[in-house]
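*Asks:* What Swiss-Prot records for LYS248 is active site, N6-AMP-lysine intermediate. Per Swiss-Prot, the feature ATP binding site maps to GLU246, ARG253, ARG268, GLU298, PHE337, ARG414, LYS420.
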Amino acid sequence: MKYQELVDVYSALENTTKRLEKTQIISNFLLKLDSTTLEQVGLLILGSIFPAWSDKEIGIGNKLVMQAVGEAVGVTPDKVEDAVRDQGDIGLACISLYAKKSQTTFFSQPLTIDFVFKSLRKLSEKSGARSTKRKIDIILEMLSQASASEAKYLTRTILEELRIGVGEGVVRDAIAQAFNIDKSVVERAMMLTNDLGLIAVVAKEKGEGGLKELNLTPGTPVKPMLAQLAPPIPEIINEMGVAICETKYDGIRLQVHRHSDEIKIFTRRLENITHALPEIVDLFNEYLPHEDYIVEGEVIATRDGNPLSFQNILHRVRRKHNIDEAMEQVPLKVFLFDLLYYIVPMIDEPLLKRRKKLEEIVNTTPDEINLSNMVYGTPDTIKEVEDLFELSIAQHHEGIMIKDAGEPYIPGLRGKKMLKYKAEPETLDMVVVGGTYGIGKRGDFVGSYLVSLRDEDNNLKTVAYVATGLDDATLEYLTKKMKEYELSTKGREIVVEPKIVLEVAFSEIVESPEYETGYSLRFPVVKNIRKDKGVDDIDTVERLISMYETQ
């Protein structure tokens, strides 16, 4: 199938903000595709060429793409950069530049979806001394045959910035609609496999029954079950009846997979960080059985046995070089709290059974590997739960988790069966969409940041400017990132791609017509830069409203 047909779909999606229309457009297109193309489009429709959990990436920067565009249309990279600055986007710049194209490609064949998909995957395979030239050649081969509209979306895909307003939820609904399958079945398959290309093919070839057969596979990460804010401890314990109450650690949530003697470690965003944690791999090799499993836990950084801040473990996980040195500087501890797979899938088993099996298989002899500190919460043991909370705070942890002991593990769900009870003010994870440069001595820094939440259609809605909680080093870092993600600048105002996630604390939510959500935050303070999160992980307008109604 011609790539132009997919490009026409991209354009139609970009030109509507209505979720139902987007779903219908994608659904109609999916029905036209053979299985091979369907698997490719299941990824390309989200601007991806690999499943979310894959550690492969295109790895191409703006300058390389601009160089290739320049060669394709016969202008210098500086001219391309000027066009990007004028248009605010590489895709729109291509539309402008291709209209003035001075070079003509003779006997070129129309681009196909298959050719584009395979060419993009080749980009991830190129490394070494001559890799830059080889990558440019691959991009140039596509761009030289591309129309202006094809170049628009091709360059955006290479830079992983498709910008057509489509998220996983819309694609899920489109698959369900196209192949007449219940949305909940597609949703479960998505949470278990995190591969919409695979799901689309199974839906087409095997229908609802085939999707129901998809299950956990060690080596392929599953979206984590999520927690929401807990009401007072007695209220929630009385409601649950029996709860497992655990210390809430200030670290990075991990899924550790063992499959065929290989151990892989994934973050909550499905990022493979095995390379950064060799000592954790060694611990699991030595102190857990040599069976296939998926365990979940939290890894924290320590010093003299005491927990360090979240930023310390984040720096450690992000380290790509000198890992041995990092291991000495930032010792780690792992606290395990759930077992999703042991020889067979266990997520449909109640938490109590999963916890007991976890206790059976983990050898906690070394200090570096532990089970989460836990008490059973019942109406008769509320004092013990409150004592665990006080102990957790005294040990410099965040608070406690309260989980319904009778519940299965539901990937991707944020609900009342898993709750967090924290001492700190409640926070929201929000993405930066713009900012304002300071004045005077801070004129070179972006000093105030415009932050947004997701609505039900995955559109970003502004909620506040935040300007406190940032020291000079953090301002310098954020300003550098803002320039890297800049879309446009006017006076002191800057608009950026939604890439930077901030954890923001506040004293109160108030109604405000000034922002797109209809609400704002009183006394917002940046608590953390959440480098472990992306725009898909930020909080929602729905949660903001829920917090407003219950504050």
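A Cβ is built for glycine as well, from the same backbone N, Cα and C atoms used for every other residue.
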*Asks:* List the residues of the same chain that sit at least 6 positions away from LYS420 (ATP binding site) in sequence and have their Cβ under 8 Å from its Cβ, in sequence order, or write 'none'.
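*Replies:* Residues satisfying the criterion: ALA227, GLN228, LEU229, ALA230, LYS248, GLU398, GLY399, ILE400, MET401, ILE402.
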*Asks:* Any idea what DSSP makes of ARG268 (ATP binding site), helix, strand or coil?
*Replies:* coil
*Asks:* Among the recorded positions listed here, LYS248, ARG253, ARG268, ARG414, which has the most company in the form of other Cβ atoms within 10 Å of its Cβ?
*Replies:* LYS248
*Asks:* Counting every protein chain present, what is the number of Cβ atoms, excluding its own, within 10 Å of the Cβ of GLU298 (ATP binding site)?
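*Replies:* GLU298 (ATP binding site) is surrounded by 23 other Cβ atoms within 10 Å.
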*Asks:* Can you tell me how many other Cβ atoms are located within 10 Å of the Cβ belonging to PHE337 (ATP binding site)?
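*Replies:* So the number of other Cβ atoms within 10 Å of PHE337 (ATP binding site) is 25.
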*Asks:* Just to confirm: which same-chain residues, 6+ apart in sequence, have a Cβ under 8 Å from the Cβ of GLU246 (ATP binding site)?
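*Replies:* The list for GLU246 (ATP binding site) reads PHE337, SER372, ASN373, MET374, ILE400, MET401, LYS403, given in order along the sequence.
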*Asks:* What three-state secondary structure does DSSP assign to GLU246 (ATP binding site)?
*Replies:* strand
